[in-house]
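These come from TrEMBL:
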- 1-91: domain 'Cytochrome oxidase subunit II transmembrane region profile' (DOMAIN)
- 27-51: transmembrane segment (TRANSMEM)
- 63-85: transmembrane segment (TRANSMEM)
- 92-225: domain 'Cytochrome oxidase subunit II copper A binding' (DOMAIN)
Amino acid sequence: MAHPSQLGFQDAASPVMEELLHFHDHALMIVLLISTLVLYIIVAMVTTKLTNKYILDSQEIEIIWTVLPALILILIALPSLRILYLMDEINDPHLTIKAIGHQWYWSYEYTDYEELGFDSYMIPTQDLASGQFRLLDTDHRMVVPIESPIRMLISAEDVLHSWAVPSLGVKMDAVPGRLNQAAFIASRPGVFYGQCSEICGANHSFMPIVVEAVPLEHFEKWSSLMLEDA
C-alpha cells in the first residue's frame, strides 16, 4: 500500500499493473528527453547571438520536426493500445464477483456460489485493532485466490461510485443501472487497499476497498466457513 511521502506508484500485485508501470516509465522517459531538448534549444537561442540563415528557411528541418513528433506519438500509442486490450481481455475467469456501491459502503456477491455475499463497511477509528489502517480497513474483506483470473462486475445502487485498487491496476466506474466489467489476477498473496475514486457524496472518502489474496486452499476454507455462517 502507499506510505507517507511516497512519490511513485504502489508495488504491482498483478500482471496488468506491472505493464502499466513499464508504460509509465517508457512514456516518462520520452517526455524527459523532449523536455531536455526543448530546454537546450531555448537556452541556446537566448544565450547566442549567432544565427544560421540556412536553418531559418529550410525544407529539411521542417520535414524533421513534422515526422519526428509523429514517430514519438506512435512509440507512445502502440504500447498504450496493447495495455488497453490486455485490460479488456477476460479469458475463462475462475471466479466472478459482483461489487455494488452504496452510500457509503460496498457489498459483494460471489456469483459462483448460491448464498455467498456480504456488506463491507469501514472500521471506525475507535474500533481499530493493532496493526489496522485508519480509513482503509473494513469489517469484511473481499477474499480472492491468487494466480486465478477474477472477473469483477461493478454497479451502484444509488449514485456514481468507482471501484479502484491501485496495486491490482483496477479502476472501474460503478454506475446505477449498468454493469461494468473488469478483470485482474493477483500474482502474489497479500492485502491490497483501495478507495472509492468518484466524488459520490458526503462520505465519499469513507468507503474503502480491501482485497485479500490468498492461496486457493485457503480461499476454499474461507468460502466454506462463510457459507456455513450464512
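Residue 1 is the first one shown; counting continues down the chain.
From the backbone N, Cα and C atoms, a Cβ is placed for every residue, glycine too.
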Count the residues of the domain 'Cytochrome oxidase subunit II transmembrane region profile' (1-91) that DSSP assigns to helix (H, G, I), to strand (E, B) and to coil, and report the three numbers in that order.
67 helix, 0 strand, 24 coil
Average pLDDT across the domain 'Cytochrome oxidase subunit II copper A binding' (92-225), rounded to a whole number:
93
